[in-house]
Amino acid sequence: MSVTNKVLVLKVGGALLQCEMGMARLMDTARQLLEKGEQVVLVHGGGCLVDEQLKANGMETVKLDGLRVTPAEQMPIIAGALAGTSNKLLQGAAAKAGVVSMGMSLCDANMVTAVIKDERLGMVGEVSPKDAKALEFILAQGWLPIISSIAMGEDGELLNVNADQAASVLAKLLGGKLVLLSDVSGVLDGKGKLIPSLNSQEIDELVKLGVIEKGMKVKVEAALEVAQWLGQPVQVASWRDSGQMAALIKGEAVGTQIQPQE
């Protein structure tokens with residue numbers, strides 16, 4: 001099997017790690033996609049576990065514009081929660097579903113380059129695509145790479161990368177289709193109703209109105225960047241929704257479609 005244009009990059013958030021049924025459903029979806037010959041990459045966050053570990057160590061969680069502020073002294077705890085506990089929880093769920101996986105992080109095999117994103121955010125990284133060879137090899141075996149959003153700078157320091165942005169960069173690296181999965185069915189309007197499609201102008205308007213904010217703002221901006229880069233829609237959907245998971249297996253559109261500029 002060689003790498004094809006069927007690479008599907010799925011991103012999941014930390015809330016999934018607190019839901020065994022959700023993890024089982026996601027991995028069953030991945031298994032069915034792999035059995036169809038699709039190639040799947042899973043990128044994950046783990047904010048809930050990070051918050052728990054920081055609290056247990058007497059440290060507080062601070063966010064700026066939806067991004068986690070990461071002081072250097074918190075980095076060992078964050079790296080352990082994401083590249084360690086979160087990653088292995090997902091590998092365990094993959095094993096239960098009969099999926100062969102490989103636990104990885106953005107540090108591995110030169111897949112990305114990473115620099116400090118903004119001094120105000122501390123050890124938060126901004127990544128760019130670099131070398132796809134390792135991922136292409138893993139995908140060609142029919143395995144599922146499960147990738148945490150911990151990266152490494154040129155001088156070896158660990159950096160915390162927003163998982164939506166990490167998934168976006170890997171979709172660019174592989175020329176793949178990106179689906180951002182969270183615990184909500186997509187982007188919702190002010191009345192809590194799913195918005196089926198959004199372009200950049202509509203996103204700007206909803207941000208100004210405060211309908212899209214914080215973590216969803218980061219997610220939608222990452223999705224829009226990839227949509228523009230690849231010239232195809234990026235989907236924002238839910239791992240909680242069994243109907244959306246079934247549609248994903250069939251290759252149907254799910255959730256909110258973030259559209260590229262025409």
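Keep in mind that glycine also has a Cβ here, set from the backbone N, Cα and C atoms.
Take the substrate site that Swiss-Prot assigns to G46, G47, R68: the candidate from N160, N199 listed for it is N160. Around the Cβ of K219 (site 'Transition state stabilizer'), the number of neighbouring Cβ atoms within 10 Å comes to 26. Residue pairs drawn from G46, G47, R68, N160, the listed substrate binders, are separated by up to 12 Å at the Cα level. Less than 8 angstroms from the CB of K11 (site 'Transition state stabilizer') sit L42, V43, H44, G45, A163, D164, A166, A167, L178, V179, L180, L181, each of them six or more residues away in the same chain.
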